[in-house]
Amino acid sequence: MLKLFSAFRKNKIWDFNGGIHPPEMKTQSNGTPLRQVPLAQRFVIPLKQHIGAEGELCVSVGDKVLRGQPLTRGRGKMLPVHAPTSGTVTAIAPHSTAHPSALAELSVIIDADGEDCWIPRDGWDDYRSRSREELIERIHQFGVAGLGGAGFPTGVKLQGGGDKIETLIINAAECEPYITADDRLMQDCAAQVVEGIRILAHILQPREILIGIEDNKPQAISMLRAVLADSHDISLRVIPTKYPSGGAKQLTYILTGKQVPHGGRSSDIGVLMQNVGTAYAVKRAVIDGEPITERVVTLTGEAIARPGNVWARLGTPVRHLLNDAGFCPSADQMVIMGGPLMGFTLPWLDVPVVKITNCLLAPSANELGEPQEEQNCIRCSACADACPADLLPQQLYWFSKGQQHDKATTHNIADCIECGACAWVCPSNIPLVQYFRQEKAEIAAIRQEEKRAAEAKARFEARQARLEREKAARLERHKSAAVQPAAKDKDAIAAALARVKEKQAQATQPIVIKAGERPDNSAIIAAREARKAQARAKQAELQQTNDAATVADPRKTAVEAAIARAKARKLEQQQANAEPEQQVDPRKAAVEAAIARAKARKLEQQQANAEPEQQVDPRKAAVEAAIARAKARKLEQQQANAEPEEQVDPRKAAVAAAIARVQAKKAAQQKVVNED
């Protein structure tokens, strides 16, 4: 009974809410085998073909490259891209890529040489002897990404799963109309796909491996069953055809009955999902040693004469693939990259094929029908009934149209998988997916701006905190320096105290002189001589300063000379008028007169040696000379009119008269010199 229940649960499948059943339109392209496309003359390889940042360039313009040669380096989540063929790098510049707005991204442009030479390939046939880390690194460096449409780096996804993965799901549903790339790959390369699944299982070591495939692919189902005939570790689950059963959350629920939590990932419930195309790329990377340089692309639509599935080199222009398939465009021809529900219209055909390109749809006017005008929402709730994510598309539409980002976020717009089921059933022909895509892009931009603002605020606060810490540390250092002297200051203070103590000790010690010896006073004498020399040097410096000040001002010098002469004459007059009983020693008088004359000559010499630019005013000099002559005449007259009882020594009078005449003569000469 338990075995029966276990077997029943093993094959049980669940059903999700919502979903639609549009026309499949798969028979146009799934009936012919995979074929190769002739090489294009020029390849455009965008550096970013996956979720995450672009890699670092490792080639330059003019370099020769081989097929499989890395064009960028992959570090962290950055996935490298590789040359799709051999040739020459002719440019590295922005180029329009696979995007609804054909945004330009940095790309490497290669001109093919037609030889299509590979780099040396090193396959790992013994991959089971390799460690988990080695296999993940090889998968990452060979550029393998999710080929089901998301483009998430496979190596990063495997690394993030860790040891908590219990169920490995291989997505082979391919539920969107027109697309048959995975269907044809399983028909033609079923053994290689299974080998890639085994490599993934060796890395993850899951408890069970499930392949989910819709029942509208009978040939692929039969091929997989034939390859898995002797395998008991891989289970093939055939599920009913329903759109969008190929969604990650929807297929997880169908096969396991587990729901991925809101805002979480499938790895949170022990599930990891990979696409069949990704499994095939893993096999070629690990066993064959070939980086991902091509993928299967469906070429379909009534505007294509030879629809089918082709091996398209990454970087091949869309125009080249369509022309090879017999593209017959109409006047208003539309080309869609992807399916009719989740794809987008290309603005022009020069965009390249990338890793997430699974279909190129060129429908005729009859296939699409007449375009319907968008009308107002009638709140019929048909979109809510069809939504596989259990959302309220009509409410999200109003929030998106009214720029109510908070309410849109509250109503879980991030859980929208953009499957297009709501727009398919809308009777008002409202392009709901376009509104939701735009709203999610605006919310992402707002969050990115908020993140940048928060980071800038954190940097500012960290800087302010650092400055405050430095200021506090600086104040603390200043306080410590004020309270405690530095080490060198302590040493200097200690040395000074030691010297003082030594001198005090020497002063208190008595001087003992032995008999017959003389005391040694050489140190005292040397100190005394040093003090005398220092005093003389200081006095000489002071004298030089005074002399310089005297020479610097010629008028001051002249005034001092006049004062000296007046003092000399006053002294002579006092001597002449002295009473007879107060006779002055003639030798002393002669000495004083000689000193006065010497001072006068010194002052005149300093005045004569003054700087040329410091000349005395000639008029002032003439006035001084006239005053000196007048004073000399007055002195002579006073001497002549002196009373008889006050006889003056005739020699002194003669000396004074001679001095006066000499001074008058010098003043006159100085006047003549100044006038010249």
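Placed from the backbone N, Cα and C atoms, the Cβ positions cover glycine too.
Counting only same-chain residues at least 6 apart in sequence, those with a Cβ under 8 Å from the Cβ of C383 ([4Fe-4S] cluster 1 binding site) are P393, Q394, A421, C422, A423, V425, C426, L432. According to Swiss-Prot, the feature [4Fe-4S] cluster 1 binding site maps to C377, C380, C383, C426, an assignment based on sequence analysis.
The Cβ of C419 ([4Fe-4S] cluster 2 binding site) lies under 8 Å from the Cβ of Y243, P244, G247, L341, M342, P388, V433, each on the same chain and at least six residues away in sequence. Annotation source Swiss-Prot lists [4Fe-4S] cluster 2 binding site at C387, C416, C419, C422, citing sequence analysis.
Under the heading compositional bias 'Low complexity', Swiss-Prot lists 605-615.
Taken from Swiss-Prot, the feature domain '4Fe-4S ferredoxin-type 1' covers 369-397. The average pLDDT for the domain '4Fe-4S ferredoxin-type 1' (369-397) in the predicted structure is 92.
Nonlocal intrachain contacts for the domain '4Fe-4S ferredoxin-type 2' (407-436), taken as residues 6+ away from its ends with a CB within less than 8 angstroms of a stretch CB, comprise 18-20, 22, 243-244, 247, 249, 262-263, 341-342, 372-378, 380, 382-389, 391-393, 395-397, 399-401, 443. For 407-436, the entry in Swiss-Prot reads domain '4Fe-4S ferredoxin-type 2'.
Annotation comment: Swiss-Prot describes 600-652 as region 'Disordered'.
Using the Cβ center of C387, C416, C419, C422 for [4Fe-4S] cluster 2, the list of other same-chain residues with Cβ within 8 Å runs, in sequence order, G18, C383, A386, P388, A389, L391, P393, I417, E418, G420, A421, L432, V433, F436. For the domain '4Fe-4S ferredoxin-type 1' (369-397), the list of distant contacts is 16-20, 244, 247, 249-250, 408, 411-413, 415-417, 419, 421-432, 435-436, 439: same-chain residues at least six beyond its ends, Cβ to Cβ under 8 Å. Between the binding-site residues C380, C387, the minimum number of other C-beta atoms within 10 Å of a residue's C-beta occurs at C380. Listed in chain order, the extra residues whose Cβ falls within 8 Å of the Cβ center of the [4Fe-4S] cluster 1 site residues C377, C380, C383, C426 are I378, R379, S381, A382, P393, Q394, Y397, C422, V425, P427, S428, I430, L432. A simple way to gauge crowding: the CB of C422 ([4Fe-4S] cluster 2 binding site) has 30 other CB atoms within 10 angstroms, across all the protein chains here.
Across the structure, C416 ([4Fe-4S] cluster 2 binding site) and C380 ([4Fe-4S] cluster 1 binding site) place their CA atoms 20 angstrom apart. Spacing of C380 ([4Fe-4S] cluster 1 binding site) relative to C387 ([4Fe-4S] cluster 2 binding site) is 13 Å (Cα to Cα, whole number).
Secondary structure at C419 ([4Fe-4S] cluster 2 binding site), as computed by DSSP, is coil.
Summarised by DSSP class, the composition of the domain '4Fe-4S ferredoxin-type 1' (369-397) is 10 helix, 0 strand, 19 coil.
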